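Pulled from TrEMBL:
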| type | residues | note |
| --- | --- | --- |
| DOMAIN | 1-102 | domain 'NADH:ubiquinone oxidoreductase chain 4 N-terminal' |
| TRANSMEM | 7-37 | transmembrane segment |
| TRANSMEM | 49-72 | transmembrane segment |
| TRANSMEM | 84-103 | transmembrane segment |
| DOMAIN | 107-380 | domain 'NADH:quinone oxidoreductase/Mrp antiporter transmembrane' |
| TRANSMEM | 109-131 | transmembrane segment |
| TRANSMEM | 138-162 | transmembrane segment |
| TRANSMEM | 168-193 | transmembrane segment |
| TRANSMEM | 236-255 | transmembrane segment |
| TRANSMEM | 262-284 | transmembrane segment |
| TRANSMEM | 290-312 | transmembrane segment |
| TRANSMEM | 324-344 | transmembrane segment |
| TRANSMEM | 364-388 | transmembrane segment |
Amino acid sequence: MLKFIFLVLFATPLCFLLDYWVMVSFLFLFSFIYMVFGCSFSFVSGLGYYFGADVLSYGLILLSFWICALMLLASSSIFASSNYVSLFLLMNLFLLLFLLLTFSTSSFLFFYVFFESSLIPTFFLVLGWGYQPERVQAGVYLVFYTLYFYFGIFTLNIYLFFSVSFGAGVYVYLAMILAFLVKLPMFIFHLWLPKAHVEAPVAGSMILAGVLLKLGGYGLLRVFSLIYFLGVTFNYFFIGVSLVGGVLVSLICLRQVDLKSLIAYSSVAHMGIVLGGLMTLSYWGMSGSYTLMIAHGLCSSGMFCLANISYERLGSRSLLINKGLINFMPGMSLWWFLLCSSNISAPPTLNLLGEISLFNSIISWSWITMFLLSFLSFFSAGYTLYLYSYSQHGSGFSCFVYIDFP
């Protein structure tokens, strides 16, 4: 693992020396090298000095490399406008480095430090390269929502978990998982996410949806090995909130007219299913959550990229203006179709595999959840079809005749 950490670390000075596209090529090369090296792993690599990678880390680190390369590719407008390009590359590489360190550490102390550190480059991306003045408010929401719940129990004494009374056990349990529930985010703690997505540049949106939300799920997967005995008692509450919240957020999606806002709310709905599966503490739930996190990271970041392409050409993210795009950009409409199909878990996408595993685990936990899951699945298909059909089909906006498409 150390060679990949140093590979990214020593690439940071190159931001000021090399061309933008050379750095993009380097990141694609890094992801390819990591994928090839991962094929020779025995799924536990370099466990020493508190750093190492196992099967959970491998997929998320590979996803981080891939999304960071793609988000630089999608941010070519920053390079074209010479908008502090070197600093932009530096922020992205620092974010990649912190993600790499977070996913590859086996120490809770280092995990805590790097988990929080990933917030700093994200904050600067939103604040420095966002589109509107409201990005300041979005940055404040992002910092305070995520930072407030990070303080936990102020101790790393593992014996504390096994020597507490029932009342103190509730406190320990909540302190351990609240930071991850905000990052995931769970319904109720999700208000920072649409604001951050709408105001962030395309790179910020892609890395936020693709990898940073998965930090929450990854943290829960790691922490539940310590607190599973408390989780069996309290998890029914979180499963109920996440599934009911997923249905409500799906209904909110049907009322959205902003492309990025709709995709951001759909992420909350999908993460609700992931949280429900995690809280069942079953093998099906854990493996399904991991699969859906990887699949959602690929499909959601792609949808944000497409929304940004439409925004750059039309100057608006509103569905009232983004209409009939299949007449003007048929190649992009194909990608919209493929990613929307992935978003509703149509076969043969990876999302389908994850959702089948999650539905199996949640319904096995309680048959009553069948009704909530059916509503959630139906409304997810509803808002995704609404997004695709409204933006790609129908008659185009009347001012299209005056727009020069590159």
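Placement of Cβ uses the backbone N, Cα and C atoms for every residue, glycine included.
A TrEMBL annotation is a machine prediction, not a hand-curated record.
Note that the coordinates shown come from a computational prediction; the quantities given were computed from them, not determined experimentally.
The average pLDDT for the domain 'NADH:ubiquinone oxidoreductase chain 4 N-terminal' (1-102) in the predicted structure is 87. Away from its own ends, the transmembrane segment (364-388) comes close to residues 236, 239, 243-244, 246-247, 250-251, 253-254, 256, 259, 262-263, 266, 269-270, 272-273, 276, 280, 282, 284-285, 319, 336-337, 340, 343-345, 355 of its chain (Cβ-Cβ under 8 Å, at least six residues beyond either end). Sequence-distant contacts of the transmembrane segment (236-255) (same chain, at least 6 residues past either end, Cβ-Cβ under 8 Å): 181, 186-188, 190, 262, 265-266, 268-270, 272-273, 275-276, 279-280, 362, 365-366, 369, 372-373, 375-376, 379-380, 382-383, 386. Break the domain 'NADH:ubiquinone oxidoreductase chain 4 N-terminal' (1-102) down by DSSP state and the numbers are 76 helix, 9 strand, 17 coil. Simply put, out of 49-72, 109-131, 168-193, 49-72 has the most Cβ pairs sitting under 8 Å from the transmembrane segment (290-312). Distant neighbours of the transmembrane segment (262-284): 181, 184-187, 190, 193-194, 197-198, 205, 209, 213, 216-217, 220-221, 224, 228, 231-232, 235, 238-239, 242-243, 245-246, 249-250, 252-253, 256, 292-293, 296, 300, 303-304, 307, 319, 343, 355, 357-358, 360-362, 364-365, 369, 373, 376, 379-380, 383-384, 387; these residues of the same chain sit at least 6 beyond its ends, with a Cβ under 8 Å from one of its Cβ atoms.
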